[in-house]
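> For reference, TrEMBL lists these features for the protein:
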REGION    1-21  region 'Disordered'
DOMAIN    40-335  domain 'Glutamyl/glutaminyl-tRNA synthetase class Ib catalytic'
MOTIF     46-56  motif ''HIGH' region'
BINDING   Glu47, Pro48, Asn49, His53, Ile54, Gly55, His56, Ala57, Lys58, Ser59, Thr243  ATP binding site
BINDING   Asp79, Tyr224  L-glutamine binding site
MOTIF     280-284  motif ''KMSKS' region'
DOMAIN    352-452  domain 'Glutamyl/glutaminyl-tRNA synthetase class Ib anti-codon binding'
DOMAIN    468-542  domain 'tRNA synthetases class I (E and Q) anti-codon binding'
Amino acid sequence: MSVERSASAENHTEKTETGATNFLRNQIRDEIQAGQVESIVTRFPPEPNGFLHIGHAKSIWVNFGLAEQFGGRCHLRFDDTNPAKEEQAYIDAIQEDIHWLGYEWSGNVRFASDYFDQLYAWAQQLVRDGKAYVDDLSPEEIREYRGTLTEPGRPSPYRERGVEENLALLEGMREGEFDEGTKVLRAKIDMTAPNINLRDPILYRIRHAHHHQTGDKWKIYPSYDFTHGQSDAIEGITHSLCTLEFEDHRPLYEWFLANLPVPAKPKQTEFARMNVNYTVTSKRKLKLLVDEQVVDGWDDPRMPTISGLRRRGYTPASLRKFCDMTGVSRAANVVDIAMLHFAIRSDLEDNAPRAMCVLNPLKVILTNVKADHDEVFEVPGHPARDDMGTRRLPLTREIWIDRDDFMEEPPKKFFRLAPGKEVRLRNGYVIRCDEVVKGDDGEVDSLHCSVDFDTLGKNPEGRKVKGVIHWVSAEYSVPVEVRLYDNLFLEEAPDRDKDADFLQHLNPASLVTVQGIGEPALAAVEPESRFQFERVGYFCADRHACRDGKLVFNRTVGLKDSWAKIQQKQG
Ligand code: ATP
Ligand code: MG
């Protein structure tokens, strides 16, 4: 059925803002035009067992985005049926992430646990209808009796228990009379069904666990399958949009809706998970990185979590754009991380003010600049954005440049500084390197250069100066800690081999910290402000570490656009 649906939608496909396709959008538009649905209601249903990652950003964008586009509503519902793995801290972080992405859920925050009473009443109803039974088989036996893809299952010896006995046992399970693992409630559907999900799926398990929402009220917890569709129905969800691994569960989803007196019949449609290369998107694996202290918490700027991306310097707009660019389809897709980089780079190119920061400082003494030289260049905050005003760059006798911008024995095409060569100081004068001063170890200690004061904003007469380098005044500058982040994994698909330890692919150089020197304007930055450090890359003031006068910048992304190159090659 889903194949038919997506195929028909493909016939009149329209593109998203960035030119990608989104079959859900086309499908819903068709349904609205055909009068099949008036107003859509979607939901984002995270399990609060970790922080949200980039894949969840996609799901949020899909669910909230479609609701927004078609004037519908989107609920936030925590899918909280597994108290052992869930925490209030995750519930709080998830809400913060959704808000930060720029979305607002309709009504209160909802919890599947809000419906535990109703779900229990429906379970009793199934028992009374002869459609559910209490099974005493152990979990291993249940697995064994279930059969395989090629062999049918066998009925449990407890399958034919009477209604009254089942009701009493279920009540006993709820009252906490039985130990964990000794009994389950199962739907009585078909042990020989080709779809294993229909072979008498488990509805309730005994778990004597404290729940973050319901406290100690429950000794049994409903399974995901018994919870999800009915919660959708209770909330009047019209479109239950989920990832493809739930496709095989759809017949069960529909079986519950057909066999219970639910107030609405939501429709489940699956789309492909979004994965990004050089990263892992599984809360379980991300939790391992946190627990093993491979990273500095869930929001470490190397994490593909929404909070990690935020700390790295990503903007909400860039993540939404990335989701749009990658589109929605039913074909499994691994997105190139270069595309994510492209999304933030193009945002920051337009919107981040410029600043100069030297990461690997080399002292330059401008021999013809007096010690009391008093000159300030007033330069644009952004080359194309007058609204960003100007910033002040004082020129002093001593300045810092980047060591990489000097070579004692330069190759032919080196247009930066070298003995006897000229280069322009960005936003300032042309200087010439007259003398290289070395320390006792033979290393270059500083350079003596002279300024050509007749070159501000124009080329020196008769000479062509090709190179431009960034610099900061030694007297008026601020020390900054710069954290150079790179991919966390060296391998494109770190978890491709299911049996191998994905941690073996960690990039040992995913974080390199350097002490840099920034232009004076950086002294006043607020946490989370973003800059292009000219000629270096895009950086964001760390939202936690920038305090008490300390300046810490995270590299968000470099200046070079590899995505455009990849596209050219493909195009
Ligand atoms: P994980 O494996 O990381 O724990 P999950 O699917 O178990 O992911 P949930 O909290 O259950 O995590 O997910 C909430 C919603 O987000 C679900 O509807 C799920 O389908 C969707 N989702 C999760 N990962 C992705 C992804 N990579 N791409 C698109 N949607 C996703
Ligand atoms: Mg899940």
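Placed from the backbone N, Cα and C atoms, the Cβ positions cover glycine too.
In the displayed structure, how are the listed features positioned relative to their neighbours?
For the domain 'Glutamyl/glutaminyl-tRNA synthetase class Ib catalytic' (40-335), the model's average pLDDT works out to 97.
Other Cβ atoms within 10 Å of the Cβ of His56 (ATP binding site) number 23 in total over all chains.
Asp79 (L-glutamine binding site) carries neither a helix nor a strand DSSP state and counts as coil. Around the Cβ of Asp79 (L-glutamine binding site), the same chain contributes Pro45, Pro46, Glu47, Ala112, Tyr224, Thr227, His228, Ser231, each under 8 angstroms and 6 or more positions distant in sequence.
Helix first, then strand, then coil: DSSP counts for the motif ''KMSKS' region' (280-284) stand at 2 helix, 0 strand, 3 coil.
Helix, strand and coil counts under DSSP for the domain 'tRNA synthetases class I (E and Q) anti-codon binding' (468-542) come to 9 helix, 32 strand, 34 coil.
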> When DSSP states are folded down to helix, strand and coil, where does Thr243 (ATP binding site) land?
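Thr243 (ATP binding site) sits in a strand per DSSP.
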> With Cβ-Cβ distances below 8 Å as the criterion, list the same-chain residues six or more beyond the ends of the motif ''HIGH' region' (46-56) that contact it, or say none.
78-82, 85-87, 90-91, 93-94, 97-98, 212, 273-276, 279, 281, 283-284, 286-287, 298-299, 303-309, 319, 340
> Say we define neighbours as other CB atoms within 10 Å of the CB. Which of the binding-site residues Asn49, Thr243 has the fewest?
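It is Thr243 that, of the binding-site residues Asn49, Thr243, has the fewest other Cβ atoms within 10 Å.
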> Taking the residues the record says bind ATP (Glu47, Pro48, Asn49, His53, Ile54, Gly55, His56, Ala57, Lys58, Ser59, Thr243), how far apart in Å are the two Cα atoms that sit farthest from each other?
18
> Ligand 2: which of the binding-site residues Asn49, Ile54, Lys58, Asp79, Tyr224 have a Cβ closer than 6 angstroms to it?
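Not one meets the Cβ criterion.
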> Other than its own, how many Cβ atoms are within 10 Å of the Cβ belonging to Tyr224 (L-glutamine binding site)?
17
